[in-house]
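Data first, discussion second: the structure below is written as structure tokens.
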Amino acid sequence: MAPEPPLLSMSGITKSFPGVRALDGVDLDVQAGEVHCLLGQNGAGKSTLIKVLAGAHQPDTGTIRWRGEDVTLRSPIAAMRLGIATIYQELDLVEHLSVAENVHLGHEPTAAGFVVRGRAAKASTAELLKRLGHPEVDPGRLVGDLSAAQQQIVSMARALSHDVRLIVMDEPSAALDPDEVDNLFRIVADLTADGVAVVYISHRLEEIRRIGDRVTVLKDGRAVAGGLPAESTPTREVVALMTGRNVEYVFPERPAEPPAAEPVLKVEGLSRQGEFAPLDLEVRPGEIVGLAGLVGSGRSEILETVYGARKATTGRVLVGGQPLRPGSVRAAVRAGLGLAPEERKAQALLMLESVTRNVSVSAMSRFSRGGWIDRGAELGAAREATRELSLRPDNPAVPVRTLSGGNQQKAVLARWLLRGCRVLLLDEPTRGVDVGARAELYAVIRRLADEGLAVLLVSSEVPEVLGLADRVLVLREGRVVHEAPARELDEPRVLDLVMEGSPAS
Amino acid sequence: MTQHVSPPRGGTDKAAPVEGPPAWRVRLGRADVRTLTLLGVLAVLVLIGGITQPDSFLDTRNLQLVLTQASVIGVVTVGMTFVIVSGGIDLSVGAIVALSSVWATTVATQEYGFFGILFTAVVVGVGCGLVNGVLIAFGQMVPFIATLAMLASARGLALQITDGRTQVVTVPGVLDLAERDSYVLGIPPLVMVFAAVTVIGWLVLNRTTFGRRTVAVGGNAEAARLAGIDVRRQRLYLYLLSGLCCGIAAFLLIALAGSGQNTNGNLYELDAIAAAIIGGTLLTGGRGHILGSVLGVLIFTTITNIFALNNLQTDVQQIAKGAIIVAAVLVQRRTASTH
Amino acid sequence: MTKLTSRRGLLFGAAAVSAGAVLTGCTSNDPDGGDDKAADTQPAADDKPGKPVTIGYAGPQADHGWLNAVNEQAKKRAEKYSEVTLEVTEGSNDTAQQIGQIETLINKKVDVLVILPADGKALTQVGLKAMRAGIPVINLDRIFNSPQAYRCWVGGDNYGMGLNAAHYIGEKLKDKSDAKVIELAGIDNLELTQQRTQGFDDGLKNYPNIKKVARQAAEFTVESGQAKMAQLLQAQSDFDALWNHDDDQGVGALRAIEQAGRDDFLMVGGAGALSAFQAIKADSGVLKATVLYPPTMAASAIDLARALGQGKGVSGLAEFEIPSTVTCYSAVVDKDNVDQYMSTGFK
């Protein structure tokens with residue numbers, strides 16, 4: 001491309017956290033004055049990558065070159081000194097300070113080295129805000145009193161208050177109204193005209209088409225495509241890169257005959273205000289039903305509402321013909337539901353505890369009498385459940401935090417296996433699971449279904465849903481737009497549905 | 001984490017099964033480091049006491065004295081440990097001890113004799129715990145705030161009941177508990193109660209579903225809820241338990257001091273939290289050790305004893321106590337990071 | 001010894017003030033305190049009703065038996081005089097709240113203020129304010145920072161408590177060679193505790209045969225008294241006398257002594273609690289005496305306030321005005337004179 005070296009060049013960046021490899025050899029080149037879009041599903045590694053770029057995480061391996069020279073970004077301050085500013089999705093502003101104070105936080109204009117020159121700070125802040133198209137924001141106001149869009153402007157003003165050459169924007173349009181988005185794009189255009197580079201992260205493909213120059217797609221911690229032209233690459237190709245597979249998986253065989261038993265889980269007209277429209281679905285014992293959709297389609301919300309972790313606005317959930325008490329997880333668990341949530345560490349695991357105790361926590365009554373735990377029986381039961389799922393290492397006494405992502409997921413599944421649940425709700429079951437360990441997890445899930453469990457599966461990876469589920473419901477913006485047996489669908493068809501929301505059949 | 005991506009992980013693991021150390025070694029190893037550290041500190045203290053005051057420190061009466069003095073705060077600390085393990089805090093323990101001790105020693109209560117006093121102390125303690133629990137579990141109040149409010153109001157009520165007066169106990173059965181004649185095989189009854197509470201507390205935390213649920217709620221409340229645990233009810237029970245311990249402690253204090261006073265239990269909350277922390281209980285919840293807490297109490301009581309025997313004054317005692325807390329936490333962070 | 005005599009002089013004021021009423025005679029052990037009739041040409045306050053006086057009284061929260069007794073003494077004394085109206089505030093330990101209460105009393109234009117501050121230093125300003133508003137202030141016990149903030153200070157003598165305790169113990173042990181005493185002090189970071197200890201140490205210097213072998217500080221509470229005494233008893237297997245700064249913590253100390261089964265020493269208490277008086281009277285244990293920190297000072301303060309309001313001096317003194325400082329004597333109460341004090345003992 002350009003004859004001079006790229007402004008930023010990251011190559012072979014890897015970063016591992018206990019149990020998961022978040023970045024696995026990522027390359028990223030950014031030219032001065034371009035808008036470089038970063039695309040990827042939740043958990044694809046975007047956040048980790050921008051934290052590496054911001055100096056908040058140190059990469060395990062890999063090199064970062066800045067204007068042709070090797071650099072180490074030891075801290076956010078080091079990155080800032082080079083001219084790299086990051087605007088996070090969760091804005092890192094101090095609510096109880098004024099706009100001007102936030103903009104100049106850490107580099108206040110001072111007299112005699114320590115006296116803050118409040119007037120000068122306000123004046124330069126006003127200047128920046130004007131440049132950003134929001135002259136109406138008073139530099140003296142408290143940030144906590146501003147709207148989300150205004151706060152974002154403040155955050156951007158803060159970035160520009162440094163001598164900035166690269167701005168990373170993490171989903172900047174997520175909290176904005178359409179006309180505010182237009183202003184944002186104008187700002188981005190102004191910046192790039194001045195030679196500033198922008199790394200722009202978004203789920204919205206249409207935005208990327210409007211302002212992007214090039215696109216890098218991340219998936220499972222790898223850059224599956226780098227530097228694609230933003231305007232001319234077909235949408236389907238981009239989505240396929242995001243949701244598709246870079247490794248071909250062998251999915252387990254489906255049973256020849258669709259299960260004939262009565263549905264064990266019935267959802268009737270279930271909805272939640274602002275999240276998803278009334279929904280009907282049935283899952284039979286032995287059947288895996290998949291919900292496919294992009295971020296924001298309401299997938300996780302549906303599962304959590306079925307489970308009682310969120311209270312439904314309308315409708316009801318029946319298990320074995322009996323309606324569940326709404327909004328009660330305990331009622332759902334007692335009726336035989338089990339959830340493997342999306343955020344395993346935050347929502348499912350007791351990270352300080354052993355595998356045994358994580359597995360036994362929902363089934364303690366099975367090996368206790370009068371509240372007294374028979375620890376031998378507990379260990380035996382946990383061992384049996386984890387062995388059945390081939391959890392490694394084969395020692396349930398080890399702390400669960402030392403397990404890999406896939407084995408942590410198995411610990412969650414073992415919990416529900418031990419509990420003896422009838423319906424398993426799986427939210428992104430392979431999120432954070434090493435690519436290599438997924439096939440085994442699929443086999444486990446299928447085996448559980450074959451043994452008579454009903455499985456409701458949510459995944460943002462279309463091939464996963466198509467490969468694993470018997471029947472698929474396609475969601476778009478909280479609505480089911482299509483329902484069909486998985487074998488009658490293919491990836492392009494689902495992608496069309498997910499993106500266009502075209503009417504069923 | 002292995003470097004290869006495919007083939008699937010399960011296969012390679014089967015080829016070379018990873019065997020960690022056996023379960024008992026893992027657990028014993030961790031328990032050992034922690035408990036040995038505390039026992040080491042205690043041993044050093046005993047050494048210092050023995051060298052500086054060989055006659056008065058190393059004798060049976062002094063052992064009885066130290067254990068007796070540790071009993072009241074020790075029982076409170078067992079309850080506090082449960083609350084902290086669940087991710088909460090109970091700042092009202094000292095105030096509850098005061099209120100229980102005062103309510104149980106009014107003239108009217110003393111007419112009902114031994115069991116009147118015992119019953120009142122326990123019921124008042126549990127009652128305060130119930131209020132704490134309801135506010136926290138169902139009123140969605142932060143434990144710090146709810147128990148701080150209880151601290152203020154229980155102390156206030158205790159003052160109102162007594163008018164600042166010392167209520168002397170005249171029931172012989174209660175007073176006898178803290179006198180030498182009632183020692184069984186040289187063990188003071190108060191110490192027996194303390195030991196019993198410790199053993200029961202240990203068993204409940206480590207061997208029962210109640211203990212497991214407590215740890216789960218403290219370790220990850222959201223995960224516990226999604227695993228089907230009734231988090232709110234568990235929280236309620238925990239503050240009840242802490243209140244119960246305060247009631248028992250109040251009864252022991254009534255026997256020991258022979259009176260009830262609104263100033264009883266002064267700063268127990270801080271002593272109990274400090275003992276639990278040096279005992280290895282995480283202030284953030286999810287992990288706690290009854291034996292560690294009890295060793296923490298014994299360390300503090302022994303320090304006080306050694307300092308008093310050497311006629312050192314309060315200021316020095318307080319400095320030493322602060323230093324021990326910092327040292328214990330630092331040592332634990334070191335040992336924790338090696339696991 | 002000059003110190004002692006000058007203290008006598010001061011005590012005389014206090015003794016005379018509370019003389020007539022409560023004790024029908026004199027409060028001190030002083031045999032020559034009987035010149036009441038010396039100067040009756042000046043108008044001196046007496047029991048006869050005079051000009052009506054409204055006295056504002058602001059005390060702290062009675063979270064201790066002694067403070068409770070102080071408040072009671074003030075109220076009872078005021079009831080005795082038909083022409084005296086006492087405006088009593090809700091007792092408070094909160095400085096800001098107490099300031100507010102006193103300002104209310106100033107606005108009500110009471111004739112005289114009696115203030116026992118929760119914190120003497122912190123309430124100096126409001127004392128000044130009252131004085132400037134023309135309302136004379138009787139400052140009770142906890143002294144203000146500035147003498148301009150009060151017309152008259154009435155309080156106890158912490159140094160004298162220690163001194164008199166030492167004298168009492170010294171006389172009892174003067175024939176014993178190598179006698180040992182121990183001290184159970186009050187809250188160590190209070191100035192009054194330091195004063196009591198200083199007085200005790202100074203007093204003991206008169207008795208070279210006596211050595212103070214141990215001192216521990218308790219917290220004025222029964223619980224701490226028991227705990228610290230138990231440790232002291234373990235530390236000192238053999239001693240002859242104990243001085244305990246406070247009778248409230250003494251309840252705990254006596255409990256520890258009973259639990260340890262010790263009776264081989266004599267004990268002197270402090271403050272003057274009813275339970276201590278009763279034990280002294282019964283003479284069945286180690287407690288042989290207690291040194292007063294008399295709550296009757298509040299009654300004296302009311303008397304002084306009344307005299308001030310009526311523009312009179314105090315009977316028994318030649319002065320036209322009431323004194324500016326009245327330090328109450330820390331009398332030693334033992335078996336011989338305990339009956340006299342029984343009614344002032346606080347619970």
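Note that Cβ sites are derived from N, Cα and C of the backbone, with glycine treated the same way.
As recorded in TrEMBL, the features of this protein are as follows:
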- B:33-51: transmembrane segment (TRANSMEM)
- B:63-84: transmembrane segment (TRANSMEM)
- B:114-135: transmembrane segment (TRANSMEM)
- B:182-205: transmembrane segment (TRANSMEM)
- B:236-258: transmembrane segment (TRANSMEM)
- B:290-309: transmembrane segment (TRANSMEM)
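Between the transmembrane segment (B:33-51) and the transmembrane segment (B:290-309), three or more CB pairs separated by 6 or more residues in sequence fall under 8 Å, so the two stretches touch. Nonlocal intrachain contacts for the transmembrane segment (B:236-258), taken as residues 6+ away from its ends with a CB within less than 8 angstroms of a stretch CB, comprise 68, 71-73, 75-76, 78-80, 82-83, 86, 88, 90, 93, 96-101, 104-105, 117-118, 121-130, 132-134, 136-138, 147, 168-169, 174-175, 177-178, 189-190, 193-194, 197, 210, 214, 264-265, 268. Long-range neighbours of the transmembrane segment (B:114-135) within the same chain, counting only residues 6 or more positions beyond its ends whose Cβ lies under 8 Å from a Cβ of the stretch, are 90, 92, 95-97, 99-101, 103-105, 141, 143, 146-147, 149-150, 154, 169, 171, 173-174, 235-251, 254. If you look at the transmembrane segment (B:182-205), the same-chain residues 6 or more away from its ends with a CB under 8 A from one of its CBs are 60, 64, 67-68, 70-72, 74-75, 78-79, 81-82, 85, 176, 211, 214-215, 245, 248, 252, 255-256, 288, 290-291, 294.
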